[in-house]
């Protein structure tokens with residue numbers, strides 16, 4: 001009540017009351033907005049708590065709540081510890097939500113429904129009392145002098161009662177308004193500060209909880225990173241195995257095709273004269289069973305329908321032939337694909353399906369053995385129209401089988417024939433194995449036994465192409481060891497960097513991206529190693545390339561600059577025995593950061609552009625390589641305009657569009673007209689244009705490997721392909737077309753490459769014409 005100087009009912013008093021009521025109404029609006037915000041905040045906290053709990057439950061379902069091998073392999077026991085932490089954090093969020101509800105929302109609701117509402121009700125009662133008081137006063141003052149005394153006394157009493165009620169309601173209204181004025185000074189501050197204290201406790205509890213878990217989290221992250229690196233290595237090795245397998249399969253297919261004898265198709269017994277020494281070697285080579293051949297064959301059923309069923313056949317080195325069929329409730333498509341896979345593949349996914357698919361069981365694969373000791377193999381079938389069939393005839397049953405191709409059929413026939421021979425001679429071989437063991441090392445393998453002389457030469461040429469590449473490249477200085485870790489006998493290479501490396505370092509090079517390093521195998525990617533690539537590597541080699549990329553290492557003894565020493569201290573060359581992470585760090589620093597490259601800071605980019613232009617014109621492969629590596633900017637697409645201040649006759653001040661178009665037409669160029677050679681006008685030409693004019697295939701290959709723009713246009717709109725056609729260099733033109741050059745680009749005269757070539761006369765190179773026509 002201290003805000004009211006005078007408590008008498010006066011206009012000043014009423015003004016103060018109206019002012020307080022206005023403040024209360026404004027406060028009510030603010031409280032309603034705050035109420036909505038608090039409700040949303042509580043809802044968000046509740047959803048967050050529920051979401052964290054759901055996330056924890058899903059993690060438990062994912063694997064943390066099980067002890068099966070799949071759960072263990074994905075880190076279920078580790079995740080379970082994180083789940084407990086997440087649930088604890090969820091309880092903290094729920095605690096914070098309850099604090100917001102009790103400390104803020106309930107008090108805010110009470111303030112709105114009790115205090116503010118009481119002020120509203122007090123105003124309503126006050127207005128009613130004012131009305132009653134006004135009526136009583138009007139009645140009393142309107143009495144005449146001759147009014148009876150009892151009536152005067154009655155109205156006077158009513159007036160006094162109305163005035164008393166008026167005063168009471170007046171002070172009740174003031175009290176309720178002053179209560180609001182008093183509470184607003186501490187109610188909201190107290191509630192909101194309590195909420196902030198609850199937030200502090202919430203985050204402190206979370207921090208304490210996660211601080212205890214921090215060492216464990218870092219330990220798991222370290223383990224995961226190591227597992228990731230190991231997985232990369234294993235994936236690279238697996239990719240190499242796949243490539244080797246595919247290469248070997250192709251060679252086996254070629255070998256089987258070479259062995260195919262047309263005389264065998266006539267129905268004669270395929271009892272090929274397999275040398276005894278090969279049979280002996282196969283029989284006594286190992287005491288354990290090993291798979292000689294396995295794969296799918298179509299088997300004709302013995303039913304009246306005589307339909308074909310796809311079965312998985314396995315032939316081992318002891319002469320046993322098995323086939324498998326799926327007897328589970330799988331669909332025909334699944335049976336067609338997965339028949340026998342769980343037993344003879346690597347087994348990971350087969351075991352997973354068997355364990356987790358309820359419709360399958362451990363006995364879903366039916367295995368059958370064919371006794372080869374009393375069997376005979378023939379290449380025909382009852383239906384002579386079928387080309388790829390052969391039969392295994394035994395006293396018990398005749399098996400009619402069909403392969404996917406002729407080479408596969410002959411491979412099966414030859415290996416089953418050898419298995420029959422093994423079974424027939426097994427008793428004899430067991431009597432004196434020592435004698436045959438002595439002959440093992442001198443026996444020739446069956447792979448080329450039945451090849452003609454020309455077939456053997458072709459086969460050996462294909463087989464040794466990888467060895468030839470290895471021999472050529474390893475004779476280059478420094479190429480006998482890995483360029484990154486000095487591991488002996490590297491069998492991988494980077495095409496654009498010109499270095500050889502081991503398989504482990506090749507994995508790091510792949511991660512750099514093909515714009516940094518294009519990794520290829522010396523033995524598997526046989527089509528890559530064209531003569532031009534080999535010549536490029538002869539010009540470079542590990543020795544020279546590392547003298548550029550590792551120049552700081554090579555000058556360690558003579559370098560006295562502190563900056564260089566610091567760089568070497570942070571990046572040291574690993575050995576072949578070092579961890580993968582050390583090799584990765586070194587290779588990244590070497591090629592991504594160029595940490596070991598000696599750069600001349602005084603040499604500007606314009607100087608580097610001029611020097612590389614001179615090196616290209618002089619065809620100095622090593623200088624070009626060194627300048628590209630040492631340049632801070634990308635100078636591979638340097639133009640003639642970048643090194644020369646052009647103020648030549650092409651720069652006329654002509655505004656007419658026709659004149660401008662005519663000026664760009666190469667036929668209108670005076671220099672080209674005078675010399676009849678496109679090379680005499682270099683305006684706008686790039687390094688690749690000059691390389692095409694030089695006729696040096698190694699120079700062209702180097703620029704393409706480093707990403708030179710193959711479709712860059714000169715002042716006359718001509719691409720390097722235009723220059724090759726204009727100079728009659730068809731070999732270079734075909735190289736550019738195979739590497740992505742677009743012959744549809746028109747020069748300044750509006751003609752494409754094909755049109756320019758036809759303008760020069762008939763195109764006698766048929767391959768060039770086809771390439772131009774296909775890409776047009």
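Glycine is no exception: its Cβ is also placed from the backbone N, Cα and C atoms.
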Per Swiss-Prot record, range annotated zinc finger [choices 434-457, 458-481, 482-505]: 482-505
Secondary structure content, the repeat 'ANK 1' (683-712) (per DSSP, counts of residues): 17 helix, 1 strand, 12 coil
Same-chain residues near the zinc finger (482-505), Cβ under 8 Å, at least 6 residues beyond its ends: 233, 236-237, 240, 470, 473-474, 517-523, 528, 533, 536-537, 539-542, 545-546, 573-576, 578, 580, 583, 586-587, 590-591, 625, 705-707
Intrachain residues whose Cβ lies under 8 Å of the repeat 'ANK 1' (683-712), provided they are six or more past its termini: 495-496, 515, 518, 532-533, 535-536, 539, 612-613, 616-617, 619, 621, 624-625, 628, 636-641, 646, 648, 650, 718-721, 723-724, 727, 729, 731-732, 735-736, 739-742, 745
Overall pLDDT of the domain 'BAR' (2-226), taken as the mean: 87
Structural state census, the zinc finger (482-505) (DSSP three-state): 3 helix, 7 strand, 14 coil
